[in-house]
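J.: Here it is, the structure, as structure tokens.
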Amino acid sequence: MSKEEIWDKVLELAKNELTPISYSTWFEPPKTELIDIQENTAIILVESNFVQDFLKKQYTDIIADLIEKAIGTKLMPNFVIQEDLTEDKQVKDSAKAKSEAKPDVQAPQNSSEDQFNVHNTFETFVIGPGNRFPHAASLAVAEAPAKAYNPLFIYGGVGLGKTHLMHAIGHYVLENNRDAKVIYTSSEKFTNEFIKSIRDNETEQFREKYRNIDVLLIDDIQFIQNKEQTQEEFFHTFNDLHQTGKQIVISSDRPPKEIAKLEDRLRSRFEWGLIVDITPPDYETRMAILQKKLEEEDVDIPLESLTYIANQIQSNIRELEGALTRVIAYSRLQNEAITTELTAEALKDIIQTPKSKKITIQDIQKVVGQYYNVRLEDFAAKKRTKSIAYPRQIAMYLSRELTDFSLPKIGEEFGGRDHTTVIHAHMKIQTDMSEDPIFKQEVENLEKEIRNQ
């Protein structure tokens with residue numbers, strides 16, 4: 001596979017996994033280019049020093065993971081600008097340094113702060129009504145591992161601060177106990193390492209790595225659904241850590257009861273401690289997040305421009321910060337002062353003005369009803385024939401995915417059904433989608449149609 005083919009594949013994955021703002025701002029061609037692969041390093045050419053610094057801080061691990069998904073081999077990215085390439089030796093030295101600095105996958109990373117983003121601390125976390133309780137719980141766990149809440153299970157949508165809190169816990173524990181053994185990983189990395197340990201006959205080393213620690217922080221646990229062997233291994237890892245008084249912190253995009261194809265014994269253990277959810281930030285919190293980001297960037301932006309960003313991007317902190325970074329980058333590259341007009345111009349490809357119509361449950365029922373030939377009134381009726389009940393479950397699933405309405409409110413819009421019925425419908429459709437690619441595509445097409453109304 002050529003460098004161009006590899007990078008095309010990485011960009012295709014990035015487009016699916018990153019937010020539209022992040023992808024179009026930093027990676028959309030021709031903003032990045034894979035120019036060389038040396039030992040364990042991918043040399044990636046970017047446009048400017050500003051972009052280089054930002055990608056190094058925010059995207060090194062993400063791009064490494066995407067490269068591994070694309071080609072099956074983990075390469076650490078080294079972001080370079082044209083000036084770095086004046087002498088080929090510079091690139092080679094850089095690649096060598098990167099390779100030598102990279103720890104072996106089985107080597108203990110337990111007490112290394114390199115696992116954590118230096119910016120993701122409790123001090124930089126902006127507290128608001130939607131995250132106050134998760135922040136307090138995370139701080140309590142960091143101050144007294146395995147004494148407060150064990151496990152701590154944090155769930156919420158993409159880009160709301162779950163990973164920030166997990167990194168903050170790691171930083172705090174290590175700052176207060178340099179001998180502590182802390183591992184932060186994702187369920188996907190855990191799975192990949194487990195598979196590799198079986199293939200290489202190194203399961204004992206794998207278990208030593210994950211069980212001889214003080215704190216385990218595991219992100220995106222929902223991705224172990226359907227992975228029976230991984231669930232079995234994680235079950236025993238969980239038990240070993242919990243029984244020996246070690247702290248476990250887990251994050252997910254949904255609560256344990258809504259993770260389909262998860263063993264009941266694992267679901268039960270996830271519910272042993274404290275479950276907290278992070279919700280989208282309100283206007284005041286969004287403004288505070290933008291102000292905090294400005295302090296980090298040491299940039300002044302007119303209040304009107306900040307207000308514009310906060311009003312246009314409401315549900316995702318990552319997209320909110322990405323929008324601000326895009327505006328700053330656009331201003332610097334255009335050599336223009338930041339104004340409301342420039343802000344709107346910088347974000348015109350990302351947000352719609354006037355603001356997009358908010359999706360309602362009635363919108364969802366209308367689209368699903370038209371597709372499956374179900375009358376609107378039948379969504380609220382007591383009829384249980386499959387030709388009506390199944391489209392009703394699909395509409396409930398989409399209502400949970402595409403709106404911010406509570407479970408009781410969704411149930412109310414479907415004839416006063418109980419919130420447990422909504423949960424069951426969501427899990428049922430989620431399971432069916434995971435088992436049937438054609439049905440999954442069908443539901444995704446419905447979602448696109450609803451969003452594009």
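In case you wondered, yes, glycine gets a Cβ from its N, Cα and C as well.
The ATP binding site annotation in Swiss-Prot covers Gly159, Gly161, Lys162, Thr163. According to Swiss-Prot, the feature compositional bias 'Basic and acidic residues' maps to 91-103. Summarising the annotation, Swiss-Prot assigns region 'Domain I, interacts with DnaA modulators' to 1-73. For 73-114, the entry in Swiss-Prot reads region 'Domain II'. For 91-113, the entry in Swiss-Prot reads region 'Disordered'. Per Swiss-Prot, region 'Domain III, AAA+ region' is recorded for 115-331, and the stated evidence type is sequence analysis. Per Swiss-Prot, region 'Domain IV, binds dsDNA' is recorded for 332-453, and the stated evidence type is sequence analysis.
Have a look at these and tell me how they're positioned relative to everything else.
T.: There are 20 other Cβ atoms within 10 Å of the Cβ belonging to Thr163 (ATP binding site).
Here the region 'Domain I, interacts with DnaA modulators' (1-73) returns a mean pLDDT of 85 for the predicted model.
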J.: Quick check on the binding-site residues: of Gly159, Gly161, whose CB has the lowest count of neighbouring CB atoms inside 10 Å?
T.: Gly159
J.: Can you give me the same-chain residues 6 or more apart in sequence from Lys162 (ATP binding site) with a CB-CB distance under 8 Å?
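T.: Expected: Pro134, Ile154, Tyr155, Gly156, Asp219, Ser251, Ile278.
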J.: Compute the mean position of the Cβ atoms of Gly159, Gly161, Lys162, Thr163, which form the recorded ATP site, and then list in sequence order the other residues of that chain whose Cβ is within 8 Å of it.
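T.: Along the chain, the qualifying residues are Gly156, Val158, Leu160, His164, Leu165, Ser251, Ile278, Ile317, Arg318.
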J.: In the region 'Domain I, interacts with DnaA modulators' (1-73), how many residues does DSSP put in helix, strand and coil?
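T.: Computed counts for the region 'Domain I, interacts with DnaA modulators' (1-73) are 45 helix, 13 strand, 15 coil.
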